[in-house]
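Reading through the structure tokens given below for one structure.
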């Protein structure tokens with residue numbers, strides 16, 4: 001559906017800018033020049049000045065000498081595939097090599113910044129054909145340069161655009177074009193795009209030079225091309241998208257369920273008045289057979305649509321496929337074995353450890369004789385035999401085990417991970433005690449917490465609770481209101497048991513945290529019945545195991561909220577509308593598009609993969625996390641409280657009470673907890689991004705009125721809100737876009753979310769969560785009450801009870817395999833402070849220089865983070881058995897490194 005037009009009406013860009021006004025101005029100037037031109041004649045030794053009539057001016061223009069032509073050379077850099085599919089690639093490549101010789105070529109044409117006064121259209125070169133395509137068709141290098149000789153008139157001016165028609169059968173990936181031979185020097189066209197065959201996309205592709213232009217500064221010869229390119233990218237909101245398409249449009253999340261498989265696979269539509277949610281990329285697929293409001297499913301290995309240039313490049317796709325292969329193998333074997341065996345629980349912690357040392361085969365007791373009896377695909381057995389020691393089927397040892405195998409058991413490590421782990425964004429300063437729920441008491445029972453002063457006062461170093469709050473010593477992670485409305489349904493699921501948890505922490509004099517109470521809440525069964533219980537640090541063996549179970553439930557709550565709310569909703573889903581709107585409303589020559597471009601890479605592709613495999617009905621999130629089929633409803637419930645104006649790091653820290661404004665402090669903030677690794681490192685990166693964006697914005701918008709008058713920019717921001725976040729479009733907290741400072745703030749927030757915030761929340765998933773007891777994604781048992789029949793089994797063998805409460809073997813291995821893949825950097829990762837074609841991405845030398853300064857600042861920050869991780873006074877990141885905090889260290893190599901800040905949400 002044409003959702004954008006339904007909500008927004010016609011785009012601002014749909015108001016065509018006529019070139020006639022500019023041509024008339026040009027003609028007026030020419031006539032004036034002719035009027036002022038004096039013809040000197042000598043007659044009888046004196047100079048006679050003759051006036052020139054309008055007719056003579058016109059005649060002079062007609063008789064103007066025809067310009068001569070000269071030749072310039074185009075060099076096109078095309079990237080080859082490393083591995084070709086025989087039928088898709090090899091055969092078509094050979095066909096293209098043959099047909100290229102008979103005229104089915106790649107044709108290019110240059111367009112000038114200037115217009116031809118006679119045609120009132122851009123000056124154009126002759127069409128030219130790429131040379132030697134057939135000769136170079138078998139070249140195996142990663143990149144191949146093709147050339148073309150182009151004839152242009154001497155008055156052509158400066159080239160501003162180039163069109164390409166690919167008359168071959170096969171698409172090709174075009175990295176750059178350089179034009180040589182003009183007096184102005186080499187002209188660069190950064191492309192980084194798939195050029196489709198004209199049989200798929202008949203219109204020629206348009207590429208612009210690296211010179212950025214605001215809309216009202218667009219050279220007159222490029223205006224119609226600028227409009228046409230955006231029109232092509234918007235589409236008309238109808239039809240089923242093909243994988244070769246380049247169209248960006250919006251839709252709701254109506255493709256997570258599969259009603260055609262039965263009621264168990266029905267999921268509500270996310271997005272709309274009933275369940276608000278951000279919009280996703282439209283595919284146009286037909287409805288399901290049984291529910292016209294649900295889009296039909298496309299299951300792996302078949303891909304969902306995203307615009308062609310959003311799809312993974314080859315090295316990224318290969319790395320992701322390898323990770324998925326490992327995940328498939330890790331999932332396949334346990335599922336086969338558990339299908340023939342009822343032994344589905346871990347028998348001891350040593351069995352969990354064996355997943356890393358022995359691999360999946362030995363962990364499952366699959367010796368060679370038993371292995372041969374299982375109905376495994378030949379591929380699996382061959383991989384096992386060929387991989388050295390079965391390495392492909394082993395799990396890497398998570399970093400949480402690398403320094404101290406038993407760190408996860410300690411209270412101080414449980415607390416440390418709330419500020420230096422994979423989810424450091426839930427903790428808040430405790431402001432009210434006891435905590436109070438904001439839920440409707442008619443539906444969810446009393447709002448009062450069961451926490452009392454007597455529960456925690458003994459752990460406050462002689463302070464009262466009131467004193468501890470006033471001295472900023474108490475903190476809380478509160479999941480009560482997020483989970484409680486869903487608990488009845490969650491706990492009715494087979495093998496799922498959950499509480500709505502609150503955990504209170506006390507700040508020690510050393511700067512570390514310790515948990516002092518955990519509240520576990522269930523829905524009230526009957527009015528007046530007890531539904532809450534409070535646990536405090538243990539004093540004996542029995543209370544120790546109860547405390548460990550309570551911590552596990554708190555971690556399970558945290559794992560779900562982290563994945564569904566902070567990770568997917570607040571980064572992946574919330575950013576997608578801004579990306580869609582950028583492609584639809586900002587020309588590739590717009591300076592703000594050039595700024596955002598590296599921060600949009602791969603996000604649409606990874607989000608469609610999430611819809612297909614992770615957040616869908618019976619997908620990984622439902623299978624591995626406590627909320628099960630209700631997980632995305634929890635995510636949508638949190639969206640009602642999402643606020644873009646509070647998503648920047650300083651605003652978020654202030655909102656959570658973790659910092660207060662202080663102009664005298666670095667970054668203008670004073671952290672309430674000085675040794676808060678995520679916040680202290682994050683503020684350095686935030687400030688670097690902010691300074692870079694401010695320099696960039698002020699360069700192109702020296703006058704704030706230019707921001708208001710930039711029709712593309714305003715259309716982008718308006719569409720992001722009114723269409724992409726349509727369900728919250730009437731909120732009064734949306735920032736205005738009325739000047740350079742507003743624009744700097746909006747862009748800094750978007751870049752922060754896409755880069756550092758996502759990195760902090762994503763790349764620690766396996767290093768911390770790969771050891772299931774440290775961070776169980778789901779729980780299968782509640783804490784036993786003394787009067788419960790199962791209390792005796794807990795009392796007799798608490799370790800067995802604890803392990804039976806954790807995810808099963810199958811659930812654990814599936815989760816471990818997936819988060820291992822999701823925590824991995826690909827070889828082509830582009831990190832903050834880097835970008836493709838560093839020297840030529842922009843034709844503005846001052847901006848290129850400013851980017852190098854930004855890169856240097858990022859490198860300085862990396863060294864500062866290394867220094868902090870060696871500072872023994874910072875006990876939350878340095879100490880015996882303590883993992884250094886590197887999730888915001890900017891650079892990384894490939895793999896699950898627990899560090900590295902990519903430019904974009906690329907995994």
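All positions are counted from 1 along the displayed chain.
Every residue gets a Cβ built from N, Cα and C, even glycine.
Lifted from Swiss-Prot, the feature list:
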- 1-49: transit peptide (TRANSIT)
- 85-209: domain 'PLAT' (DOMAIN)
- 212-907: domain 'Lipoxygenase' (DOMAIN)
- 567, 572, 758, 762, 907: Fe cation binding site (BINDING)
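The structure, with features from Swiss-Prot marked on it.
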residue : record                 : DSSP class
567     : Fe cation binding site : helix
572     : Fe cation binding site : helix
758     : Fe cation binding site : helix
907     : Fe cation binding site : coil
Determine which residues of this chain, when 567, 572, 758, 762, 907 are set aside, have a Cβ within 8 Å of the centroid of the Fe cation site's Cβ atoms, and list them as they appear in the sequence.
568, 571, 606, 759, 761, 822, 905
Is it possible to get the count of other C-beta atoms within 10 angstroms of the C-beta of residue 762 (Fe cation binding site)?
21
Over the domain 'Lipoxygenase' (212-907), work out the mean pLDDT and round it to an integer.
92
For the domain 'PLAT' (85-209), the number of residues DSSP places in helix, strand and coil:
17 helix, 59 strand, 49 coil
Just how many other Cβ atoms lie inside 10 Å of the Cβ on residue 572 (Fe cation binding site)?
23
I'd like the Cβ neighbour count for residue 907 (Fe cation binding site), meaning other Cβ atoms within 10 Å of its Cβ, all protein chains included.
24
List the same-chain residues at least 6 positions away in sequence whose Cβ sits under 8 Å from the Cβ of residue 758 (Fe cation binding site), in sequence order, or say none.
567, 571, 572, 902, 905
Have a look around residue 567 (Fe cation binding site) and count the other CB atoms within 10 A of its CB, chains all included.
24
